[in-house]
Amino acid sequence: MTVTRKRINSRPAAVLIGFMGAGKSTVGRLVAELLGVDFVDADEQIVHAEGRSIPEIFTADGVEAFRDIERRVVLDLLTRGGVVSLGGGAVMTPAVADALAGHRVVYLSIDPAEGFARAKGGDRPLLAGDDAETRYRELLDERHDTYAELATVTVDAGAGSADEIADLVVSALADHLIPERNLL
Ligand SMILES: Nc1ncnc2c1ncn2[C@@H]1O[C@H](COP(=O)(O)OP(=O)(O)O)[C@@H](O)[C@H]1O
Ligand SMILES: O=C(O)C1=C[C@@H](OP(=O)(O)O)[C@@H](O)[C@H](O)C1
Ligand SMILES: [Mg+2]
């Protein structure tokens, strides 16, 4: 029994990826509640570990330093259980993308208009300043293929309320798990 428990706890039930505003942090928490497991948001872990906000880290140390911290935090979270939501740019770090192999990766996709409407006005340093919507669209274009390639399942995060998207995620994970179960 001990061996079984250790195996189950050695990776997350699901890892949520996708662009800013898709709802990873919000929906990830709801998915964890539905599954009855812990929830961890990578950005919250970074803030906790650093004792600084994300904008403070970007301003003081720059984006590369943020990515270094993020890589360390995410690689650690991938060795634990629960549902894990990543920040939108984490998968652009090659070591993070590589480490996602073999995990249940849920891509919350979002169209740019809806995603920007959700993300604007928050504390995301990459969307600070003028012309945030253009930057949002350009970055989403740059990243979309990476999200899609890494995904085990993709869920349209614009298709309903956060609770409805969480239900869709759990259904998509269940569909994905049925073939896994048949292999046992
Ligand atoms: N399905 C949804 N419908 C409407 N608003 C949503 C939905 N999912 C998330 N939101 C809202 O969008 C904003 C961004 O959500 P958040 O979870 O922070 O996204 P992410 O972590 O992907 O950047 C929040 O205000 C959140 O309440
Ligand atoms: O896309 C990005 O590069 C970022 C996304 C943010 O997280 P969310 O995707 O949860 O907004 C946060 O990690 C940081 O502002 C950088
Ligand atoms: Mg988030």
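Cβ coordinates are placed from backbone N, Cα and C, and glycine is handled just like the others.
Per TrEMBL, the feature ATP binding site maps to G21, A22, G23, K24, S25, T26, R124. The annotation Mg(2+) binding site is assigned in TrEMBL to S25. What TrEMBL lists as substrate binding site is D43, R67, G88, R143.
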Close-lying binding-site residues around ligand 1 among G23, K24, D43, R67, R124, R143, where CB distance stays under 6 Å: G23, K24
Binding-site residues near ligand 3 among A22, K24, S25, G88, R124 (Cβ under 6 Å): K24, S25
Binding-site residues near ligand 2 among A22, G23, T26, R67 (Cβ under 6 Å): none
Binding-site residues (K24, R67, R124), the one with most neighbouring Cβ atoms at 10 Å: K24
Additional residues around ATP, ordered along the sequence, whose Cβ is within 8 Å of the centroid of G21, A22, G23, K24, S25, T26, R124: G18, M20, V27, S85, G88, L108, R118, A119, A157
Listed binding-site residues among A22, G23, S25, T26 whose Cα sits within 10 Å of R67 (substrate binding site): none
DSSP three-state assignment for G23 (ATP binding site): coil
